[in-house]
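These come from Swiss-Prot:
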type: BINDING; residues: 9, 17, 18, 19, 38, 39, 40, 89, 90, 91, 115, 133; note: substrate binding site
type: DOMAIN; residues: 17-144; note: domain 'Nudix hydrolase'
type: BINDING; residues: 49, 69; note: Mg(2+) 1 binding site
type: MOTIF; residues: 50-71; note: motif 'Nudix box'
type: BINDING; residues: 65; note: Mg(2+) 2 binding site
type: BINDING; residues: 65; note: Mg(2+) 3 binding site
type: ACT_SITE; residues: 68; note: active site, proton acceptor
type: REGION; residues: 144-164; note: region 'Disordered'
């Protein structure tokens, strides 16, 4: 564990920072996704998520992060996958699907850092994410391919093809 001013970073045994995020959808049709402005670059959009706290489960961390960053509550759905980022930082992010049921007018990050949120059609969200956060665009690409816990996990190798 390492400490940031307001947070304890947690790592898995392989040295990956443990993170959780949600693709927050306006409805169960999953055709509009909520993105939030980056805290570092307010003109860039990202998928809400962040580091897991000690003893926190991925699903609880995902719900907490979207509440803090996007000011939403909702119905937590499936685990879309576990995504690894190795280039600049070693992150392992559990990404869940959440259907939004409540939008808070003011929320923690809107008040403290002026964070914004906006609904995007899936294709538009992929375009805005690909420039600055390509791994976030991957979440939506997997969703478009019918991502669900039954068809694989981005961090796990694919099973070998069986011979006919």
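Just so you know, glycine gets a Cβ as well, placed from its N, Cα and C.
Locations of recorded Swiss-Prot features on the structure.
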{"residue": "18", "record": "substrate binding site", "Cβ contacts under 8 Å, 6 or more apart": "10, 11, 12, 51, 52, 58, 61, 92"}
{"residue": "38", "record": "substrate binding site", "Cβ contacts under 8 Å, 6 or more apart": "44, 45, 46, 132"}
{"residue": "40", "record": "substrate binding site", "Cβ contacts under 8 Å, 6 or more apart": "none"}
{"residue": "49", "record": "Mg(2+) 1 binding site", "Cβ contacts under 8 Å, 6 or more apart": "19, 20, 21, 22, 62, 65, 66, 69, 93, 95"}
{"residue": "68", "record": "active site, proton acceptor", "Cβ contacts under 8 Å, 6 or more apart": "50, 107, 108, 109"}
{"residue": "90", "record": "substrate binding site", "Cβ contacts under 8 Å, 6 or more apart": "15, 16, 17, 84"}
{"residue": "115", "record": "substrate binding site", "Cβ contacts under 8 Å, 6 or more apart": "36, 37, 39, 42, 69, 109"}
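Residue counts of the motif 'Nudix box' (50-71) by helix, strand and coil are 13 helix, 2 strand, 7 coil (DSSP-based). Ranking the binding-site residues 65, 69 by how many other Cβ atoms lie within 10 angstroms of each Cβ puts 65 at the bottom. Residue 9 (substrate binding site) has a Cβ environment of 16 other Cβ atoms inside 10 Å.
Taking every pair among 9, 17, 18, 19, 38, 39, 40, 89, 90, 91, 115, 133, the residues recorded as binding substrate, the greatest CA to CA distance is 25 Å.
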